[in-house]
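Participant: Here's a structure for you.
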Amino acid sequence: MSSGNAKIGHPAPSFKATAVMPDGQFKDISLSDYKGKYVVFFFYPLDFTFVCPTEIIAFSDRAEEFKKLNCQVIGASVDSHFCHLAWINTPKKQGGLGPMNIPLVSDPKRTIAQDYGVLKADEGISFRGLFIIDDKGILRQITINDLPVGRSVDEILRLVQAFQFTDKHGEVCPAGWKPGSDTIKPDVNKSKEYFSKQK
């Protein structure tokens with residue numbers, strides 16, 4: 001795995017690349033296009049594989065939930081945009097993706113994967129890296145899975161909601177926090193209000 005330039009609390013590495021958009025067209029997009037929105041940017045190893053379509057379809061199927069949070073989901077792999085399009089045009093029952101509600105970025109030179117520290121250099125593919133970038137372009141969360149295990153869309157939604165809550169209210173979110181749950185005031189005395197309710 002490459003070390004990369006992605007660091008929590010710092011600007012996310014910028015990129016410009018060709019993507020297959022939800023309308024099936026090719027378009028050059030960059031991270032800066034999404035300034036003012038949260039971005040969930042996730043890498044997957046390869047098109048036409050096994051775990052990858054389950055993750056991509058899960059994110060695509062719930063793209064509207066992210067959109068309601070002013071959050072754009074973007075997928076990326078080292079495959080060409082032509083390969084992405086062929087996979088999108090392959091029926092789900094044949095291992096394809098079917099129509100997508102999220103852009104899929106092409107990173108054939110592996111520069112984006114390297115910048116984000118997810119390149120598995122010996123195979124020339126990406127680990128399952130996922131990055132939550134806030135509306136100011138600051139990297140707030142990083143997870144990187146080894147190849148055989150997919151990610152949870154529920155957890156990513158929860159994390160986006162939690163970061164947005166802390167941005168807005170200045171309180172911090174305890175383990176397992178969900179919207180509507182108690183939060184903690186980040187102050188020695190005021191935090192007792194939360195802890196006094198614990199069993």
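Using N, Cα and C of the backbone, Cβ positions are placed for all residues, glycine too.
Summarising the annotation, Swiss-Prot assigns N-acetylserine to S2. As annotated by Swiss-Prot, domain 'Thioredoxin' applies to 6-165. The N6-acetyllysine annotation in Swiss-Prot covers K7, K16, K27, K35, K136, K197, and the record cites similarity to another entry as its basis. Taken from Swiss-Prot, the feature SUMO2 cross-link covers K7, K120, and the record attributes it to similarity to another entry. Taken from Swiss-Prot, the feature phosphoserine covers S32. The N6-succinyllysine annotation in Swiss-Prot covers K35. Annotated active site, cysteine sulfenic acid (-SOH) intermediate per Swiss-Prot: C52, in sequence order. Summarising the annotation, Swiss-Prot assigns phosphothreonine to T90. Among the features that Swiss-Prot reports, SUMO1 cross-link is placed at K185.
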Participant: Under 8 Å Cβ to Cβ from K7 (N6-acetyllysine), same chain, six or more residues apart: give me those in sequence order, or none if nothing qualifies.
Facilitator: L139
Participant: Could you check which of the recorded positions (S32, K35, C52, K120) sits closest to K136 (N6-acetyllysine), going Cα to Cα?
Facilitator: K35
Participant: Which has the fewest other Cβ atoms within 10 Å: K27, K185, K197, the recorded positions listed?
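Facilitator: K197, out of the recorded positions K27, K185, K197, has the fewest neighbouring Cβ atoms within 10 Å.
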Participant: Reduce the DSSP letter at S32 (phosphoserine) to three states and note it down.
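Facilitator: SS state of S32 (phosphoserine) = helix.
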Participant: Per DSSP, the residue listed as 'phosphothreonine' is which: helix, strand or coil?
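Facilitator: Once the DSSP labels are grouped into three classes, the residue listed as 'phosphothreonine' ends up as coil.
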Participant: Counting all other Cβ atoms within 10 Å across every protein chain shown, which of the recorded positions K16, K120, K136 scores highest?
Facilitator: K120
Participant: In three-state terms from DSSP, label the residue listed as 'active site, cysteine sulfenic acid (-SOH) intermediate' for me.
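Facilitator: In the DSSP reduction, the residue listed as 'active site, cysteine sulfenic acid (-SOH) intermediate' maps to helix.
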Participant: What is the number of other Cβ atoms found within 10 Å of the Cβ of S32 (phosphoserine)?
Facilitator: 10
Participant: Please name the residue among the recorded positions K35, C52, T90 whose C-beta has the most neighbouring C-beta atoms within 10 angstroms.
Facilitator: C52
Participant: Closest to K197 (N6-acetyllysine): which of the recorded positions K16, K35, K185, going by Cα position?
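Facilitator: Given the candidates K16, K35, K185, the nearest one is K185.
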Participant: Return only the integer: C-alpha distance in Å from K27 (N6-acetyllysine) to K16 (N6-acetyllysine).
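Facilitator: Cα to Cα, K27 (N6-acetyllysine) and K16 (N6-acetyllysine) are separated by 10 Å.
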